[in-house]
Amino acid sequence: MVVALHERGLFGWAEWAERLSAEVKRPEAAADGSDYYERWLAALERLLAEKGLAGHDEVDAVAAAWARAAHATPHGQPIVLENDPESAPSLSAATP
Amino acid sequence: MAARVRALETILTRKGLIDPEAIDVIVDTYETKVGPRNGARVVARAWSDPEFADWLKRDATAAIASLGYSGRQGEHMQAVFNTAETHNLVVCTLCSCYPWSVLGLPPVWYKAPPYRSRAVIDPRGVLQEFGLTLAANKKIRVWDSTAELRYLVVPQRPADTDGWSEDKLAELVTRDSMIGTALAREAA
């Protein structure tokens with residue numbers, strides 16, 4: 001995703017490396033680097049929020065929708081966002 | 001964490017900033033197509049062709065691109081050649097800058113804080129932990145990668161490989177030998 005966004009010209013690679021470096025250097029980062037992907041995600045979220053491309057609240061909301069969708073999806077079936085009971089258009093349309 | 005990654009992908013796709021299919025192509029490229037075999041071909045060519053080796057020394061970005069391997073992030077490449085006197089070791093102290101186009105995705109230890117800090121402070125000790133003990137009089141140069149400049153170590157050509165084809169030579173070139181945490185394999 002980072003590579004794709006960079007290729008769209010949304011940020012420079014040096015800009016990205018700077019954010020990633022700042023995240024992995026934070027005092028709460030695991031000393032053994034086991035949280036590298038969490039740091040990577042945090043760096044991407046910060047960068048996107050600063051660029052106004054995806055705000056923190058927006059990501060929270062859609063992530064919650066994905067989590068609800070995952071719970072609502074029967075085991076063995078692919079999880080799709082439409083399975084979120086709170087955002088399904090048919091349900092919201094039926095609500096008076 | 002997975003839900004947040006999916007959320008980002010959903011938001012960016014809705015806004016037309018990314019195309020999930022394009023991402024699949026990128027992932028597939030780095031998982032299955034780009035790997036240290038690319039770098040091994042570069043090294044084997046340098047061992048076989050002095051003119052190419054010279055080009056690689058002067059302008060690694062262009063020499064490597066001539067074999068069809070170029071970076072996606074516009075980064076420059078520098079090739080550092082091991083000699084009888086000097087061994088080269090690559091690290092990224094800031095994060096994990098790595099020459100993806102020739103080595104693929106970095107190994108876990110390359111991204112881990114112990115390697116990133118200790119490769120600079122105590123390179124000889126780190127190499128010993130990798131099972132590589134260098135003569136005390138051998139100099140070690142440590143190269144710190146950045147987003148703009150990535151390094152490829154060209155290991156020394158193993159003895160008793162005169163007349164070998166590039167393909168056969170490339171088999172002696174391991175990923176770690178191109179990071180500098182190992183030497184090329186011995187001729188069997």
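A Cβ is built for glycine as well, from the same backbone N, Cα and C atoms used for every other residue.
If you look up TrEMBL, you'll see B:2-182 marked as domain 'Nitrile hydratase alpha/Thiocyanate hydrolase gamma'. Marked as Fe(3+) binding site by TrEMBL: B:C92, B:C95, B:S96, B:C97.
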Count the Cβ atoms, other than its own, that fall within 10 Å of the Cβ of B:C92 (Fe(3+) binding site), considering every protein chain shown. 23
Are there any residues at least 6 positions away along the chain from B:S96 (Fe(3+) binding site) with a Cβ closer than 8 Å to its Cβ? List them or say none. B:P106, B:Y110, B:K111, B:R116
Please average pLDDT over the domain 'Nitrile hydratase alpha/Thiocyanate hydrolase gamma' (B:2-182) for the predicted structure. 93
Helix, strand or coil at B:C95 (Fe(3+) binding site), per DSSP? coil
Students should find that the Cβ of B:C95 (Fe(3+) binding site) has, within 10 Å, a number of other Cβ atoms equal to 25
Only counting partners 6 or more residues apart, tell me which same-chain residues put their Cβ under 8 Å from the Cβ of B:C97 (Fe(3+) binding site). B:E75, B:S145, B:T146, B:A147, B:R150
